[in-house]
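Before any comments, here is the structure.
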Amino acid sequence: MKNLCWVFLSLFWFGVFLIIRFAEGQNQEGFISLDCGLPLNEPPYIESETGIQFSSDENFIQSGKTGRIPKNLESENLKQYATLRYFPDGIRNCYDLRVEEGRNYLIRATFFYGNFDGLNVSPEFDMHIGPNKWTTIDLQIVPDGTVKEIIHIPRSNSLQICLVKTGATIPMISALELRPLANDTYIAKSGSLKYYFRMYLSNATVLLRYPKDVYDRSWVPYIQPEWNQISTTSNVSNKNHYDPPQVALKMAATPTNLDAALTMVWRLENPDDQIYLYMHFSEIQVLKANDTREFDIILNGETINTRGVTPKYLEIMTWLTTNPRQCNGGICRMQLTKTQKSTLPPLLNAFEVYSVLQLPQSQTNEIEVVAIKNIRTTYGLSRISWQGDPCVPKQFLWDGLNCNITDISAPPRIISLNLSSSGLSGTIVSNFQNLAHLESLDLSNNSLSGIVPEFLATMKSLLVINLSGNKLSGAIPQALRDREREGLKLNVLGNKELCLSSTCIDKPKKKVAVKVVAPVASIAAIVVVILLFVFKKKMSSRNKPEPWIKTKKKRFTYSEVMEMTKNLQRPLGEGGFGVVYHGDLNGSEQVAVKLLSQTSAQGYKEFKAEVELLLRVHHINLVNLVGYCDEQDHFALIYEYMSNGDLHQHLSGKHGGSVLNWGTRLQIAIEAALGLEYLHTGCKPAMVHRDVKSTNILLDEEFKAKIADFGLSRSFQVGGDQSQVSTVVAGTLGYLDPEYYLTSELSEKSDVYSFGILLLEIITNQRVIDQTRENPNIAEWVTFVIKKGDTSQIVDPKLHGNYDTHSVWRALEVAMSCANPSSVKRPNMSQVIINLKECLASENTRISRNNQNMDSGHSSDQLNVTVTFDTDVKPKAR
């Protein structure tokens, strides 16, 4: 039986490996590799040269047709160039890519015409990134194809790459690739960085790409006749932020004439271009005792380094220009010249040059872009012009839209939307209200049904609303009638089921009918009231839970939600439920408003589950529900505002600020454990959270931790034969209990497993799943490292050894016991809390001892938070 269990667990982790491998593509998180024109029904494939997984572009673009180069050319080119996508319809056709806002990306687009259409006319067209022009593609000049690269930081979570028709020929594209880079590399003062060249100095003929370059940059070999190539067989430490290929750093060039400069000259496409230089140096020769290699960097006669450059032996050094440079007349002359004290000539291993691409036009307001895209998706709108940025450039304004474009540096706003006669059906969705500057809305002559939503009255900029010719019903909201009296033009004619009068009671046809119907109706009403009273009394005597909406918690109207969020002005984040917005409650309390998206993957069921749970649980380490909104098709949860975000942001550095020290991390872990303990033993019935992870641990202004996101939580009976319940497996990969995954049997020990993974994340600051490791799962990786005896790799290096060793290793033992594959061998949360408090006591003792020996002026770059806890380990209600 034991062997069978291990077989199942092995299959589980193998399945996890396959899922991650498929999703990330050749072990590279964040890589997007699109083979343009590859049919959607063809599976992803591994490209033989690089080992990178390519897949179809079908899900990233709404338009275009697919083509294929002739068979005789396919064998001569990489597989991803065999197919292509071309765009005979429309002027601008755009890829829409999901990216991480503020992350540095290398974006590569490849174009190979190959006479796929038999016309033998190479196309010429423009390529845009967002609303700005990137470059012109002229395949008449480069018939063998071309590759364009740019390093760019997206301003939102959505990135558009657009192909723009500029003449008679038809735009096309062969491949589109995105590669995330380190955020502290390739920083431009403004704009983005267009690839000019990237070379390693060698007489080799091999183009270097992934996997030799972890970021999949392409390095071209280059050498001049007046240079000597030198090389080494020793490994060079290439681990700086730029991380150039090991192969490139093992080679270098020096001038043949030992007293000469190492000189490179190149001409810019545009004489006015500004450039950034990146040079990678490593000393790969063993120098004699009296030898010195030191040199200056001179660009067009100006020394641009502040002191002599001396490469270190077998270590990388990257020198770069922090400010953009210009070359007179567009001709750049760079020289490395040895200094007077140098006995050896200059040396260069690898070299990169980029030109600055200014992106002056701001993209349309992000909230409005999300809203109009959701409207497009909800109603299934298919318009060739509805691609790329909705408002800019002006010549590509979406059909039916008008925008306020006052200044290219300010985000445009949508002020008019005409969807008349567009075949719309369903209700008027709430996404319209996020168009906060909308002045005119025309939804006439469609098949819209349901009520006229009250949120239209809260859209203060609206001057004209045309809802005529639909199938709307019910009454017109009084607030909208009030706006009408203030000057709003409202047209609702042609909606047969819509009540236009103030009372919404049909006029009687005959007075005699009133005399008969009125008494009968009165008697019927009295009978109904009596029956309802008796029914309610009977129901109240039964031992059943109350309806979930009956609560002392505040129930807000949707208009109140809009008021507290200032019309959804400040998004805090986004999850499976929808967008979370910042709110202000009566000017006295900050709140977080979690709004259910119309296209939410969780939906109303999880919304209801979360409300039901939060209405009956009260604990200082569970996020506090201030109120909720359940109004027609509008659902929202209003929580207390947690000003320091989530734990994952602090561990990853995305939140900024100081590093969380070890004591603070233990504090957070204990508080999260207390919240779980309350769910497991303090609730009746007991609850399992099912989604314990670092993004669901929120931190207030004092870094006190609270557990959030209860949409997946489930109740269970403690003790007896029903201590486990069978459910559909849910949770987050990496944190998910493998035993629960295999059996679908849920218990509180599933949360314990997830907490163990969370604790490992806190200790190591490693990804929970990382395919670049030999053991991708964090628990397996820690076990592997411990067995190797190389324990220095385990603890987060950002702590710089500033912790009590016993405390850390005791916490590690707790984490590993929680993450035991067998649920019966895992501790309960009360035992976990006792052990973690012992860890905290050890750390506090170390701090007290150190404080006695430290000068009062000592400072630390780590964040210190005062830690205090009750000695009672039982859950305490607030």
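Numbering starts at 1 and runs along the chain as displayed.
The backbone N, Cα and C atoms fix where each Cβ goes, and this holds for glycine too.
Positions annotated as active site, proton acceptor by Swiss-Prot, on the basis of sequence analysis: Asp691. Cβ-based neighbour count (10 Å, all protein chains) for Asp691 (active site, proton acceptor) stands at 22.
Here Swiss-Prot flags 566-840 as domain 'Protein kinase'.
The feature N-linked glycosylation site is assigned by Swiss-Prot to Asn183 (among others). In three-state terms derived from DSSP, Asn183 (N-linked glycosylation site) belongs to neither a helical nor a strand segment and is classed as coil.
Marked as N-linked glycosylation site by Swiss-Prot on the basis of sequence analysis: Asn203 (among others). According to DSSP, Asn203 (N-linked glycosylation site) is assigned to coil rather than to any helix or strand.
A coil conformation is recorded for Asn235 (N-linked glycosylation site) in the three-state DSSP classification, outside any helix or strand. Asn235 (N-linked glycosylation site) has a Cβ environment of 10 other Cβ atoms inside 10 Å. Positions annotated as N-linked glycosylation site by Swiss-Prot: Asn235 (among others).
For Asn290 (among others), the entry in Swiss-Prot reads N-linked glycosylation site. Listed in sequence order, Thr343 are the same-chain residues at least 6 apart in sequence whose CB falls under 8 Å from the CB of Asn290 (N-linked glycosylation site).
Listed in sequence order, Pro412, Arg413, Ile414, Ile415, His437 are the same-chain residues at least 6 apart in sequence whose CB falls under 8 Å from the CB of Asn404 (N-linked glycosylation site). Summarising the annotation, Swiss-Prot assigns N-linked glycosylation site to Asn404 (among others) and lists sequence analysis as the type of evidence.
Taken from Swiss-Prot, the feature N-linked glycosylation site covers Asn418 (among others), and the record attributes it to sequence analysis. Classification of Asn418 (N-linked glycosylation site) by DSSP places it within a strand.
Every protein chain considered, the tally of other Cβ atoms within 10 Å of the Cβ of Asn445 (N-linked glycosylation site) stands at 17. What Swiss-Prot records for Asn445 (among others) is N-linked glycosylation site.
If you look up Swiss-Prot, you'll see Asn466 (among others) marked as N-linked glycosylation site, on the strength of sequence analysis. Under DSSP, Asn466 (N-linked glycosylation site) is assigned to a strand (E or B) in the three-state scheme. Within the same chain, residues at least six positions away from Asn466 (N-linked glycosylation site) with a Cβ under 8 Å of its Cβ are Ser420, Leu441, Asp442, Leu443, Ser444, Asn491.
There are 13 other CB atoms within 10 A of the CB of Thr557 (phosphothreonine), with all protein chains counted. What Swiss-Prot records for Thr557 (among others) is phosphothreonine.
Taking a C-beta cut-off of under 8 angstroms and a sequence separation of 6 or more, Tyr639 (phosphotyrosine) has the following same-chain neighbours: Val591, Ala592, Val593, Lys594, Val623, Asn624, Leu625, Val626, Ala708. DSSP assigns Tyr639 (phosphotyrosine) to a strand. Here Swiss-Prot flags Tyr639 (among others) as phosphotyrosine.
For Ser726, the entry in Swiss-Prot reads phosphoserine.
Summarising the annotation, Swiss-Prot assigns phosphothreonine to Thr727 (among others) and lists similarity to another entry as the type of evidence.
Take the CB of Thr732 (phosphothreonine) and look out to 10 A: across all protein chains shown you find 18 other CB atoms. Under the heading phosphothreonine, Swiss-Prot lists Thr732 (among others).
DSSP assigns Tyr740 (phosphotyrosine) to a helical segment in the three-state reduction. What Swiss-Prot lists as phosphotyrosine is Tyr740 (among others), and the listing cites similarity to another entry.
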To the nearest whole angstrom, state the Cα distance for the pair Asn203 (N-linked glycosylation site) and Asn235 (N-linked glycosylation site).
19
Can you grab the distance from Asn235 (N-linked glycosylation site) over to Asn183 (N-linked glycosylation site)? Cα atoms, rounded to a whole Å.
26
Do any of Asn418, Asn445, Thr557, Tyr740 (recorded positions) have a CA within 10 A of Asn183 (N-linked glycosylation site), and if so which?
none
Residue distribution over DSSP helix, strand and coil in the repeat 'LRR 2' (437-458):
4 helix, 7 strand, 11 coil
Near the repeat 'LRR 3' (461-483), which residues from the same chain, at least 6 beyond its ends, have a CB less than 8 A from one of its CBs?
415, 420, 428, 436-454, 489-500, 502, 504, 559
Helix-strand-coil residue split for the repeat 'LRR 3' (461-483), DSSP-based:
6 helix, 8 strand, 9 coil
Please work out the number of neighbouring Cβ atoms within 10 Å of the Cβ of Asn183 (N-linked glycosylation site), leaving out its own Cβ.
15
Give the distance between the Cα atoms of Thr732 (phosphothreonine) and Thr557 (phosphothreonine), rounded to the nearest whole Å.
33
Long-range neighbours only, meaning 6 or more apart in sequence with Cβ under 8 Å: which ones does Asn418 (N-linked glycosylation site) have?
Gly400, Leu401, Ser440, Asp442
